[in-house]
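**Q** I'd like to ask you about the structure that follows.
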Amino acid sequence: MNSHVTPAAERKVRVDLGDRSYDILIGPGLIAAAGKEIASRLKGRKMAVITDENVAPRYLQPLMASLNENGIEAVSLALPAGEKTKSFDHLIPVCETVLGARIERNDAVIALGGGVIGDLTGFAAGIVRRGSRFIQIPTSLLAQVDSSVGGKTGINSPHGKNLIGVFHQPDLVLADTDVLDTLSPREFRAGYAEVAKYGLIDKPDFFDWLERNWQAVFAGGPARIEAIAVSCQAKADVVAADERENGLRALLNLGHTFGHALEAATEYDSARLVHGEGVAIGMVLAHEFSARMNLASPDDARRVENHLKAVGLPTRMADIPGSLPPAERLMDAIAQDKKVKGGKLTFILTRGIGQSFVADDVPSSEVLSFLKEKHLQ
Ligand SMILES: NC(=O)c1ccc[n+]([C@@H]2O[C@H](COP(=O)([O-])OP(=O)(O)OC[C@H]3O[C@@H](n4cnc5c(N)ncnc54)[C@H](O)[C@@H]3O)[C@@H](O)[C@H]2O)c1
Ligand SMILES: O=C(O)C(=O)C[C@@H](O)[C@H](O)[C@H](O)COP(=O)(O)O
Ligand SMILES: [Zn+2]
C-alpha cells in the first residue's frame, strides 16, 4: 500500500449509476472552487445551503461567496449541531427553507456539514417536489469517507437509527480536505472508524496499511487524502454494484447492528456516543461474536480492538459514559434493524481481517447471551 501514497492533489472518484452517475472530488480548496464546479455541472442557478451552527461560522461565507461569484443565488439555514438534529422537528424547517426560496427541481439543495446535515438535507431533497437536485459538501472525515456517498438519507426514530428516509443520490460530492483541520480530535477519530471498516470488510492490505500509517492519516497531507480516496472508491464500487442494498451493500453495515443499538440506547446523545464510536465498538463486537460462533480466530478480534484503541476510539460498551439499558433493551433496537427479514436477524460477520460476509438467520438467543456477557466489559 505504500506505493498508493501520491502528492496532495485533487482526486476524483466516479460513482457509476447510469444516468444518475456522479463525481466525488477530493482535495484542498474545494469550498472556494464550489461555485465553479457546480455551475459547470448543473443548469440551476438557485440553491439552498443547509448547514449546522459549528460549520456555518467557519465555512458558510466562503461557500456563499463562491456560489455568488459564479452566478448562483443562494439562501442558507444553520441548524443546531449533533445527532438529535436528524429528526422530524428539524426536517420541517429544511423543507420550508427550500420551498420558501422557490428552489425548483433543477436547482439544488446543498448539504454543508457532517453526516447529520448530509442525511437530513438529502432526505429533504428526496421528498421536496418529490425529488430535487442535491449536492454534498461533506466537512467531517466521516462524511467525506462514507455518508456523502451512496444516497442513503434519513432521520432517526426512538425505535432506531435511520428508520425514516429514502434513497436519493447526490449530483456531486465536493470533499474539501482543508476543512478537516478544524474538526475536533474526537470527531476525526469517529470518522476514522468508518475508514478502518473498509479494510475490515474486504481490504486486508488497506487495514495493514492503516495499522502502519494511521499517524500520518491523522496528521494530514497525502496519507490522509489517500485514505479518503481509497474509502470513497471502496464505497463507490459497492454502491454501483448494489445501490438499494439487496445483497452486497449490507457489508457496509459491518459493526452497525450493534453500533446503532447503542446509539438508540444512549438516546442519540452525542456527548455520550457518536456514530463512529458506536461503529468502532460494534466492529469489535462483530469480530468477537464471529469468534464465539467459531467463524474466526479470537486473535483477529484482538487485532481489531488493539488498532482502534491505539487511535483512541472506544472499543467496549463499558467505555460509553453513563449506564446502559439491559441487554434485552438492546435486542429491541436490534429487532428494528433494516436488515431483519421475516423477523430473522442479519449480521455482518467475518472469517478474519478483510473477510466479512452477510450472515442471515443469526439466532437471537445467541446474540442476547453474547450481549449479556459483553454488557459490563
Ligand atoms: N448516509 C450514509 O451512508 C451514512 C454513512 C455513515 C454515517 N451516516 C450518518 O452520519 C452521521 C454522523 O456524521 P458525522 O460524524 O459527520 O457527525 P456530525 O454531522 O454530527 O458532525 C460531527 C461534529 O463535527 C462538527 N463539524 C463537522 N465538520 C466540521 C469541521 N470541518 N470543523 C469543525 N467542526 C465540524 C459538526 O458540527 C458536529 O458537531 C450519523 O447520523 C450517521 O448515522 C450516514
Ligand atoms: O451506505 C451504506 O450502505 C452504509 O451502511 C454505510 C453506513 O456507514 C451508514 O452508517 C449507514 O447510514 C447505515 O445504514 P442503515 O441502512 O443501517 O441505516
Ligand atoms: Zn456508518
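Positions of Cβ are set from backbone N, Cα and C atoms, glycine also.
Just so you know, TrEMBL annotations are computer predictions that nobody has curated.
According to TrEMBL, the record shows the following:
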BINDING   G115, V116, I117, G118, D119, T139, S140, K152, K161  NAD(+) binding site
BINDING   E194, H256, H275  Zn(2+) binding site
DOMAIN    77-189  domain '3-dehydroquinate synthase N-terminal'
DOMAIN    191-340  domain '3-dehydroquinate synthase C-terminal'
**Q** Averaged over the domain '3-dehydroquinate synthase N-terminal' (77-189), what pLDDT does the predicted model reach?
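**A** Across the domain '3-dehydroquinate synthase N-terminal' (77-189), the average pLDDT comes out at 97.
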**Q** Please report the number of other Cβ atoms within 10 Å of the Cβ of G115 (NAD(+) binding site).
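**A** A 10 Å sphere around the Cβ of G115 (NAD(+) binding site) contains 28 other Cβ atoms.
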**Q** Considering Cα atoms only, can you say which of G115, S140, K161 is the nearest neighbour of H256 (Zn(2+) binding site) among these binding-site residues?
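**A** Smallest Cα separation from H256 (Zn(2+) binding site) among G115, S140, K161: K161.
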**Q** Those binding-site residues, G115, I117, D119, S140, H256: which ones have a Cβ sitting under 6 Å from ligand 2?
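**A** By the Cβ criterion, which requires under 6 Å to ligand 2, the hits are H256.
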**Q** Over all shown protein chains, what is the count of other CB atoms within 10 A of the CB belonging to K161 (NAD(+) binding site)?
**A** 24
**Q** So how many of the residues in the domain '3-dehydroquinate synthase C-terminal' (191-340) end up helix, strand or coil by DSSP?
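**A** DSSP classes over the domain '3-dehydroquinate synthase C-terminal' (191-340) add up to 107 helix, 0 strand, 43 coil.
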**Q** Other Cβ atoms within 10 Å is the metric here; tell me which of the binding-site residues H256, H275 scores highest.
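**A** For the binding-site residues H256, H275, the Cβ with the most other Cβ atoms within 10 Å is H275.
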**Q** On a C-alpha basis, identify the one among G115, I117, D119, K161 that is nearest to E194 (Zn(2+) binding site); the candidates are the binding-site residues.
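**A** Out of the listed candidates, the nearest Cα belongs to G115.
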**Q** Select one residue from D119, E194: among these binding-site residues, choose the one with the most other Cβ atoms within 10 Å of its Cβ.
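**A** Output for this query is E194.
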**Q** Where H275 (Zn(2+) binding site) and G115 (NAD(+) binding site) are concerned, what is their Cα separation in Å, rounded?
**A** 9
**Q** For a quick check of packing: other C-beta atoms within 10 Å of the C-beta of I117 (NAD(+) binding site), how many?
**A** 32
**Q** Counting every protein chain present, what is the number of Cβ atoms, excluding its own, within 10 Å of the Cβ of S140 (NAD(+) binding site)?
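**A** Taking every protein chain into account, the count is 28.
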**Q** DSSP helix, strand and coil counts for the domain '3-dehydroquinate synthase N-terminal' (77-189)?
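**A** Counts, helix then strand then coil: 50 helix, 29 strand, 34 coil.
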